[in-house]
Structures are given as structure tokens and as C-alpha cells.
Amino acid sequence: MFGGELDDAFGVFEGKVPKSLKEESKNSQNSQNSQKIKRTLTDKNASNQEQGTKKLESSVGEQESATKRAKIENLKDNQDLIPNNDVNGIHINNSAVADTKHKPKIGDIAADDISNEVSIKNEGDTIPEATVADSFEQEASLQVAGKVGMTEAKSSTEEVVELRHQVRHQVSIPPNYDYVPISKHKSPIPPARTYPFTLDPFQAVSIACIERQESVLVSAHTSAGKTVVAEYAVAQSLRDKQRVIYTSPIKALSNQKYRELLAEFGDVGLMTGDVTINPDATCLVMTTEILRSMLYRGSEVMREVAWVIFDEIHYMRDKERGVVWEETIILLPDKSHFVFLSATIPNAMQFAEWITKIHRQPCHVVYTDFRPTPLQHYLFPSGSDGIHLVVDEKSNFREENFQRAMSALMEKQGDDPAAMATKGNAKKGKTGKGGVKGPSDIYKIVKMIMVKNYNPVIVFSFSKRECEALALQMSKLDMNDQTERDLVTTIFNNAVNQLSEKDRELPQIEHILPLLRRGIGIHHSGLLPILKEVIEILFQEGLLKVLFATETFSIGLNMPAKTVVFTNVRKFDGKTFRWISGGEYIQMSGRAGRRGLDDRGIVILMIDEKMDPPVAKSMLKGEADRLDSAFHLSYNMILNLLRVEGISPEFMLERCFFQFQNSLEVPKLEAKLEESQQHYDSFTILDERPLEEYHTLKTQLERYRTDVRTVVNHPNFCLSFLQGGRLVRVKVGNEDFDWGVVVNVSKRPLPKGQSNEYLPQESYIVHTLVMVASDTGPLRIRSGHLPEVHPPAAEDKGKFEVVPFLLSSLDGIAHIRVFLPNDLKSQGQKLTVGKALSEVKRRFPEGITLLDPVENMNIKEPTFIKLMKKVNILESRLLSNPLHNFSELEEKYAEYLRKLALLEEVKDLKKKLSKARSIMQLDELNSRKRVLRRLGFTTSDDVIEVKGRVACEISSGDGLLLTELIFNGMFNDLTPEQCAALLSCLVFQEKSEVENQRMKEELAGPLKILQEMARRIAKVSKESKQELNEEEYVNSFKPSLMEVVYAWAHGASFAQICKMTDVYEGSLIRMFRRLEELIRQMVDAAKVIGNTSLQQKMEDTIACIHRDIVFSASLYL
């Protein structure tokens, strides 16, 4: 059936695609190696992949040298065909990487599988580069009715709106590969799988790649239909009696995917660590961590795998777990082929190049910006009664509507937006000027959605507690009829009946059912897993009309809604409150619109602060996040690579995506360096020496003044002078706010969960009346984070506002105070104080007198007095410098600074270029190896010792620390209950505000030994030049749940342990399951050294925690 569809898909392009492509051999620089390093490599079938050099048909021109990015010379017609403006042509970097013909030996592979040795290419050797070919683009269209959206006006004047989208294809080809353009592909008859619907063009192209036994990356929006491609790969493998592995980033997604594939194909197994079902099945669903473990252990299963499907491959950029994807992809054999399913990523072709480089096989990229259900994006200004369409289904940004929304927001904020400064999100329960009580914003939005029949709706919030609070606000609404309520109760009771009677009485279970019966759900990581699954099932069945969820709901799970609402446009990322990125918005808003059910998806953003049009456009129409490597070394990785024959940690570093991406920067950096160097060399300044001396003097003075400012702004010295009406000079970074008037001073609140105190100069907030840019919006303090505000530009008249600044922003405290009225809410009162400030500045044209730090502020420390003397001396030197009164000083000095900036740029580029040419993270690898040698995990020749083999078994916790504790006899005298409690320190990562005040002695003792051992490891690490903060390392082992785990292991009920901590129930269960996984690894570690007593103790430890709701089975299984 695919033959006809492919003819339709490719027929238009037959005249465009084939042009002759010439290949050139390039010189490769091998970054660190001056001699040939021989490696024993495996996979005897790889030699069959060698083919003679042939001309490849392609739509690209000649490829240039390896030191320059490949260009496409003959793509005038097709230049726009590269997905998302990827650079024309593709360059596979050869720096420091072995161009081997075979895969390294993984695990204990039979001797007859070991092939001949191949050496890494040295400088001067030639390695043919991979090329990119078969680039084409197809435009498809979708028609939707031009009907009324959520506003009263039509989104389009047309009766029918035609929406166009592109399907783009490229392929990265290894050298000497006999490639046939995909337009000439003919599908087999019959195909491996047929569908009762017409395939979308991107699906047909992707399936054609699979039929050709060639890897493919499918990059498309959520709900576009990528699963169809994965299912075809499974069906083809089952037909050909070949093993296929389906990997996903999270266990919940693996469970759900297992259920779907089992229903579709039958011969399906599951391996997640927690559960193993039918491990001999032809199709195995597993987490990526399990696949990596199988590769390191040389599992027999891997010898039979023809296809590996990586779902949600964009998860590879995750800082913590993304490295697992890279390890796995590198370790997989070359004979396996891959299907990568991804959200839209702008550098998809770069990823395909990397796959071609490390596995010497073609990798196609099929990219589409197709949305089966187009989206309309609305803004809801806080406190208003209407929404504004700002981006229509054709992706047009409606500037006029955006400005209306901003005007409505400013009007509703009242005359004093800063009055809301410390109230955070309290306004969500208010509307109108002055904060008159009324229905909350979310209540109004949900009610409007229900009235207009735009449910089901997912309401995204970035806080678990806010999810629950907003859901409770909806409890007056009843969105289900009696039949639906009864059905919800039946499904819910059937699910929780597997729990014990005590567990069914947990508050979370009892309190959520009334909400579910009303059609209101909650979904976040703090929920009990069984409740999350029940809610997912109810939502899929249409029994929940409103779902309040955190961002994690947007990952993987295929549960679209008709409408998506964002309660905030800012999120806390662990450091600051920032705008949602374009990639995050795309991922979450992609849940709007159900294919086949809705002709449009609706997205509503609740906004509570002014947003500039560029910010809104970058969020609503921005590019998806790039797929950038998050590769980092770990001791477990290094030890496993040292243990396995034929590969090494250097092997991993040379082939990782991180190294590949950095190497691609070399040509750009070289070009930029050459340009900057030429610019610097041609930059001449007459009589430069005096300017250099003047600059040195001024820089030194500025440094001393900064030191003075740090002392003066210490709360102990300045707080008593910061009364209301005091004049202060404010400077934030390079932005000068000039003089302002102190309104009041308040203690800066710590963000929730942050235990580290601020620096003294950052621990207080000075609310100051200053002149700011005219377009400044509401100024709120969010969990201790100050709003972004700017002084008026030269052409801007500006306006007076009360702005929160840190003490560190004060650049001077004046002698003078002005009268301050009791109330500064109105703009008129602010203007009155502003006029008084202007009058003071007029009366002191030479400058307002500052408080003297020594005489007035009484700072008498000898070191400070010395510092002040240095400042005075340097100031007098600067004033007596011949250039000080030079009429052209400002112009000449600015010119000198430009030259200095150029010099810094050249130095910086040289450093970056040197770094890009070398093997990344090699210094860190060497320092980690020194640590392993000093602790006795490896020999001086990097041969793994017994300690190292034990540590190889432990991947769910700190392998070094646990191995040291095992060999130290730490667990010999502990009971199983104590073992469980102590090991919880290594798996609990969340923050808890309830710390153990008085820990039981039987727990405090082992904890102290663990911390002492951690300090020893930290000391050895620092001595080995490993960057490690000792206190941070020791504090990373959190004892917050030791008492909780100890009580559970002694038989306490789940309800009892929940009362002992503020940690969410779902987080507790997740911790217990990770703990069990770690203890199982401890059992394996004990087996390695033949310690049967430790093995038995760890098995007893599992027995005392493995019970009840903590380990209840998934509803998907």
C-alpha cells in the first residue's frame, strides 16, 4: 500500500533530487595521540559493510575540507530545504576519533567474534567524510473551518482556512555507501503493517527508511503521529523474526507503552528494574538504564537485536540522565538500526551526522512542523474578564490584540502595581482595581471553557501545591453527570481495591475521590503512583474535564486535551524566576488539540505582569530547544569501560555527542579568530602608553572603591541610616539609576527549600523611589527574586516607581533626607517626591554630599581605614594625571577600551579553539583516574581491582562511597533496618523542611561514619585535582528520611510515616523504589566478593521494606 503513497510523496521531486556528488578524502587531526593506539574490536559482520567507493546521487554540491564546514554550492533551488536553517551540507568531524571498521567488544563475547585489530588514525592519515544527500522538502496542507474561536470574532474571515506545513528530508551517508535516493524506493508487497487511514507524508517517508533497513530520526510535534513509525519498525521486526527493543525515559511511560504494544502485537516483554515480564519476547520494552546495563554486561539479547527504538530522544539533553542515552547509543553494535522519535529540534541533522560517524551507517532525518490540530494562542490578563487572540492558527502574531491585553493588564493592576510586591500569586483570587474580592481568575477561565464546550482542559502549573490549591477552587463546579460520576467511582474503587484497607484510608486517596467525581483531576510527582495512573485512565476515558498538572505531565504520555491553560508565564529553574522558554512552551502547549476530534486546539496564558512583544513572540512562536549534549563523566561509567575488553573511557570521550558538537565549532572559531586578529592588528592608537597608564590607575581605583562599597553596604553599618526619605545612589551592574529616595527596608525572603543564607549585602531589600523606563510593568518579588527593571533610555522621559533593590546595589548614601508622605500609591504622590529629589540635585550641582564611612558611619576597622587611604591616594593620582583634563579624553579612552576588548576577544577565541580541538573532559578523566588509583579501585596501569568490580555493580547510588563502606566493614554490625535507613541518604534527592532534630543513636552513629568516609573521598578528590566542594559533597547525602525509612522497615504503616515528614507521598514511594533498586545492586556487589553474610543481610533489608502500597503493581501491567 505504500508504493502509491510514496509515489505521491516523491513524484514532484524527481527532477530536483539527483546530482552527482564528489567525495574527497580529508586530513584528520588526531587530538592527543602521536602514535597508533591499537584496539581489539568486535562484530565480525561489520566487515561486510565495506563497499567500493561509488558516486552518490544527491542534491548537494562538492564537500570542502575537514577544517571547514561543508558547503553546498549547487543548491540555489533547494537552499531552503535544510530543516530549521541547519548549515548547508554536513560535516562529520574526524578529530581524535578512531575510524574503525568494527565495534568494540562489549561484555564476554565469544573469541571467534573478535576480528582483526584496527588502529586509530593519526595526524596525516586520511579519513573520508560522511556526506549529506537526498535533501528535499514537500509542502502539505490541512483545511479547517474558519469558525469562531473562544472569542466572539472569527479567527479568520474565510469560510475554510488552509494551513500549510513542510515535510523535510535529509540523510547523512557514510563514506563508500551505495546510497539509492529514497524517491526511488518501492515498498514491499505486502508491507509489514497496514493502517486503516492514509499516512501523513512524514510517516510515509519515515516508514520507507525503515523498509530500506536504514536508521531514521523523526522530528515532529507532540501528537503528530510519530508512534505509527515506531509500530512499523516493531511489525517489521516481528515479521522478519528479529529482536526489537523499545526504550523510553521513564518507567511510567515504559509501562504504558508495554500495554499498548502488547495489545497490538502480543509478543512483547517488559524490563524496567522493578518489573520483568516475558524477557524472551521478540519485542522488549525497557528503560534506557536497563539497556545500558545489558550492553555493559554483554547480554546475549544484544546479539539478536536488529532495531532499537528510542522514544523521546530529546530527553538526551537532560542534565542528570541524558548521558545514559549517549552511553547506550555509542555502545550499541553497528549492525543494529535505530528509530529515534523526537519533539521538534532545530539541529536534528547534527544528531544524524553523529550517528553516521559512530556507527558508519546512513541516518535519515524526517522533519515536519505539522500539527494535526492547529493551535490558537490567547492571553488572559490577570483580573480581567476576557481573553485576547494573539497568535492564530496560521501562526500570525496579532500585535494589536497583544497591546490590548497589556493595556487591560495595566488597567486592572491599578495605579500602584508595586503595591503587590510581596503578595506573589495572591492576586489570583482578586479582580479589578484595589483588589475587590471576586471569583478567582482560574475559576473564570475554567467556567468559560465549560460554557463554550472547550473541555477537556489541562491547566499547567509549576508548583505541586498550587495544582492542589487551584483544583480546590474548582470544587464548587460539577462537570460530570450522574452516570459519569458513578463510572468514576467504579473505576477508582476497582483500582484501589488492590491496596490494603489501611492504605485505602490514606488522606490523599480519600480526599481526591470527591474531586474526581466532579470531573476535576490533579497530576504531579507528589501523588501516589496508583492515583496518577487512575487519573490518567479517567482522563483518557473523558471522565475528567479539567486536569491540574505540573510540567512533567507533558513528557511522553499521550494524553491530549482540547484546551491547555498556563497559570504562569514564569517558572523557577532552581536559581531564578524566568520566562518559559520557547521549547518548554511548545512541549506543553502541544497537548492542546485532539487529532480527529478537534479542528483547533486552544492555548490560554494567564499573565500577571507586563510582557514585551519580543518576549511574547519568542515564547509563543519561538524555536524549539536544541538537542545539546549533557554528557558528563561518572565513576561508574569509567569503571565499567575499564572492565570491558577492547574499549576505554577515552573511547567514550572521543565518540560522545559532546565531543562531536564541540569539534563542529572549529571552522567557525577559526574564521572568527582570523577576523578578530586582523581587526586587532590593524587597530592602531597614537601615543598609546599614557592611555594604558591611565587605564591601569582607573581600574585599580575602581577595584578599591568596590571593596569600600562592600563594607559600607554591610547591614551592620548602613541599615540605621536607611530611614524613609534618605537619598541613595543606585547602580545595578552597568545600569545607573542615579539618585533615589528610600521608602522602606525589608528582610529578603529565602526561596522555598533554600537553606543557604544570602550574603549580608544581599539579605535586605531597599524599596527605593527611582526613575525607571516608561514601559516598566508590575514589580513583584517572587520568593526572594527581584524583578528585572531598567533606567529610562536617553529618549525616554521615564516614570517614578518604588523598586526593590538589594543593599549591594547602593552606590552612595547621602547626608540629605526629603519629606516622604505616608502613602506612595498614586502616581501623583510619587511625582511630588520626585520633584523634591530633582530640587535637591539642582541645589547641589557639584554633587550631593555622601555620608563619610569613617566619620559619619563610624566604621573604624584599621583595615578599612587603610583601604580608604589607598582610595584617596589613587583619586589624587588620577586627578593629577596629565590626561585627566585632556579635552579628547573620553573619545580616546573609549577607543582604547575597544582595542582592549578586541584583545580579550582574541584571547578568548584562542582558548575556545584549543578546547574544541582537544578531547573534551580529558583532564577530568585523568583526575578521576587518579582518585580511583589512590582509593585502590584500579592499578597504576588502569587495570580494575576487586574494589572497582564491586563499584561497577552500583549505579543507583555513590559507588565509591558504598564500596569504601563495604570494605570498611560498615554494614557488618548493622541490622537490616539500619541498613535501609542509612542507604536512604544516597537515594533521596529532594528538599525537606523537616530535618531530624534528635536522631536515634542507632542511626546517628552510622550516619557519622558515612559522612567521615565522604570527607575522606572528598579530600582524596581534591588532592587528585578533581573539582569538588567538600561540604556540598557531604551534604548531598541527605539524612532527612532516615527516621522515616527506619520506622517503615520496623513495620509502621504508610499513614504513620507520612505524618513524620513534609515530603509528598508520591516522592516517598519513589524514594523507596529507588532504595530497593540500590539494595538489589548491593546484593550483586556482595556476590562479586563472595560475602554471603552481607548478601543475606541485604536480601533481608529488601524483605523488610518491600510491602503494601509502596510496591503496589502498576495498573498498566
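The backbone N, Cα and C atoms fix where each Cβ goes, glycine too.
Now, the feature entries from Swiss-Prot:
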REGION    19-86  region 'Disordered'
COMPBIAS  65-79  compositional bias 'Basic and acidic residues'
DOMAIN    207-363  domain 'Helicase ATP-binding'
BINDING   A220, H221, T222, S223, A224, G225, K226, T227  ATP binding site
MOTIF     311-314  motif 'DEIH box'
REGION    414-433  region 'Disordered'
DOMAIN    441-642  domain 'Helicase C-terminal'
DSSP-derived structure type at T227 (ATP binding site), helix or strand or else coil: helix
Neighbouring C-beta atoms (10 Å sphere around the C-beta of H221 (ATP binding site)): 23
Across the motif 'DEIH box' (311-314), average pLDDT on the 0 to 100 scale: 90
Around the Cβ of S223 (ATP binding site), the count of other Cβ atoms that are within 10 Å: 20
Positions on the same chain near the motif 'DEIH box' (311-314), where near means CB under 8 A and six or more residues out: 217, 230, 246-249, 253, 257, 325, 340-343, 345, 351, 555-556, 625, 627
G225 (ATP binding site): tally of other CB atoms within 10 A of its CB: 19
Secondary-structure category, per DSSP, in which T222 (ATP binding site) falls: coil
Chain-internal residues near T222 (ATP binding site), provided their CB is under 8 angstroms and they sit 6+ positions away: A343, S554, P560, Q587, G590, R591
Extra residues within 8 Å (Cβ to Cβ centroid of A220, H221, T222, S223, A224, G225, K226, T227), ATP: P372
Within the motif 'DEIH box' (311-314), residues counted as helix, strand or coil by DSSP: 2 helix, 0 strand, 2 coil
Same-chain residues at least 6 apart in sequence whose Cβ lies under 8 Å from A220 (ATP binding site): F202, K226, S342, A343, T344, V366, Y367, T368, F370
Greatest C-beta neighbour count within 10 angstroms, which of the binding-site residues K226, T227: K226
